[in-house]
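Features reported for this protein in Swiss-Prot:
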| type | residues | note |
| --- | --- | --- |
| ACT_SITE | CYS79 | active site, nucleophile |
| ACT_SITE | HIS181 | active site |
| ACT_SITE | GLU183 | active site |
| DOMAIN | 1-206 | domain 'Glutamine amidotransferase type-1' |
Amino acid sequence: MIVIIDYDTGNTKSISKALDFIGLQNKISSNHAEILQADGVILPGVGAFPEAMQELGRRGLDVTLKEMAESGKPMLGVCLGMQLLLESSDEHLFTKGLGLIPGHVEKLPDEPGFAVPHMGWNQLEIKRSTPLTKKLGGEYVYYVHSYYANCPNEYIIATSGYSVEVPSMINKGNIYGAQFHPEKSGQIGLEILKGFKEVTESCKSSQQ
């Protein structure tokens, strides 16, 4: 069972439908016990970093997610959810993140020919093979964002070119992040979610 974190700031239903499509049992929940009992979690996110962290904190979900990560169970952050995995952000004001992956969130440079927010399809360049990236090449995925994750290269598993080289996917241990929306990226997005399914099943088997 995968729990999609419900904190009133995410595209939970579209992610749930995508997981249903690939046969991955899931539920949308903010219940601490359900989250900790899950085989893995997906942290969605749409909106601003400070408000999202405030809402996670108000519900005590920041502590729950850190406990989940410490257990070694898989986690996938999507769009803003990926950014929340990092240590901090400059969006509107300096705000601490969950600190699960080293890095800082910065605004995309507003340069001629590169609109901010970045909305639309962009090509992936795979930097490292993982269960989520092993079937990917130069496919296009769908983005909607104004900020990006500035993190050490060792945690970047895919990028896309824009006004800067945007870390498209990041990874540390069983924690993954996707800056784009897999649930809106067609078949290639489903392949990424299948990779996360593989990680959760492998982790579950090793813990039994």
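Cβ coordinates come from backbone N, Cα and C, glycine included.
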CYS79 (active site, nucleophile) versus GLU183 (active site) - Cα distance in angstrom: 11
Stretch-averaged pLDDT - the domain 'Glutamine amidotransferase type-1' (1-206): 95
Chain-internal residues, separated by at least six, CB under 8 A from CYS79 (active site, nucleophile): ASN11, PRO44, GLY45, VAL46, VAL144, HIS145, ALA178, GLN179, PHE180, HIS181
C-beta crowding around HIS181 (active site), within 10 angstroms: 21
